Amino acid sequence: MKNPMLEVVSLLLEKLLLISNFTLFSSGAAGEDKGRNSFYETSSFHRGDVLEVPRTHLTHYGIYLGDNRVAHMMPDILLALTDDMGRTQKVVSNKRLILGVIVKVASIRVDTVEDFAYGANILVNHLDESLQKKALLNEEVARRAEKLLGFTPYSLLWNNCEHFVTYCRYGTPISPQSDKFCETVKIIIRDQRSVLASAVLGLASIVCTGLVSYTTLPAIFIPFFLWMAG
């Protein structure tokens, strides 16, 4: 049986991560034309390579399949609204992506290198060095990616593009980006100033709205749980 408290914490963490990276998604709209007009030299890419595209706050990952094709996980609201492949196979816009993150629907899809990178620089197999893990054979990596093509549930914390490529490349789905974000949240929670600030805000809400259950209980329990977590 799932722990309701853990589910609430998980949901809050995902929403915080989405908000903190909203500028990443929205800033991409200005670079869409640039990405489509960019040309990438793919002769040095090998089938099964991990392609890494650093962004402002997050890094996007994919598996190179050869012939200028990249398999990558993309949230997309259209997947929940239509089965029309002609519409869902078009390049995912930022609005589709953001709404897809919110409703947690995605697909592992194949796009051109240009559509995958959108004008950004591409790093190749950088994870091998940063994670210091032994990679599977490139052909095995590519085959794993191809087997996973299609619809998949999405989670910023537990099932994102980094989980996809690390599973294909190393056999284990991990996401250092998500882990780093969770650690940052833990540090904030453990900071006694956060407890004090939440207590002050809680008291202020009681003063402004009166002693009613929907303000009194959060004002008491939120500082208490933050204090206990610290």
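Using N, Cα and C of the backbone, Cβ positions are placed for all residues, glycine too.
HIS60 (active site): 22 other CB atoms within 10 A of its CB, across all protein chains. DSSP assigns HIS60 (active site) to a strand in the three-state reduction. The active site feature in Swiss-Prot is assigned to HIS60 (among others).
If you look up Swiss-Prot, you'll see HIS72 (among others) marked as active site. When other Cβ atoms within 10 Å of the Cβ of HIS72 (active site) are tallied across all protein chains shown, the result is 23.
The active site, acyl-thioester intermediate annotation in Swiss-Prot covers CYS161. Around CYS161 (active site, acyl-thioester intermediate), the same-chain residues six or more apart in sequence whose CB sits under 8 Å from its CB are HIS60, TYR61, GLY62, HIS72, MET73, MET74, listed in sequence order. Under the three-state DSSP scheme, CYS161 (active site, acyl-thioester intermediate) falls in the helix class.
Per Swiss-Prot, the feature domain 'LRAT' maps to 50-177; the stated evidence is sequence analysis.
The average pLDDT computed over the topological domain 'Cytoplasmic' (1-194) stands at 82. Feature annotation from Swiss-Prot assigns topological domain 'Cytoplasmic' to 1-194; the stated evidence is similarity to another entry.
Taken from Swiss-Prot, the feature topological domain 'Lumenal' covers 216-230.
Swiss-Prot lists 195-215 with the feature transmembrane segment, giving sequence analysis as the kind of evidence.
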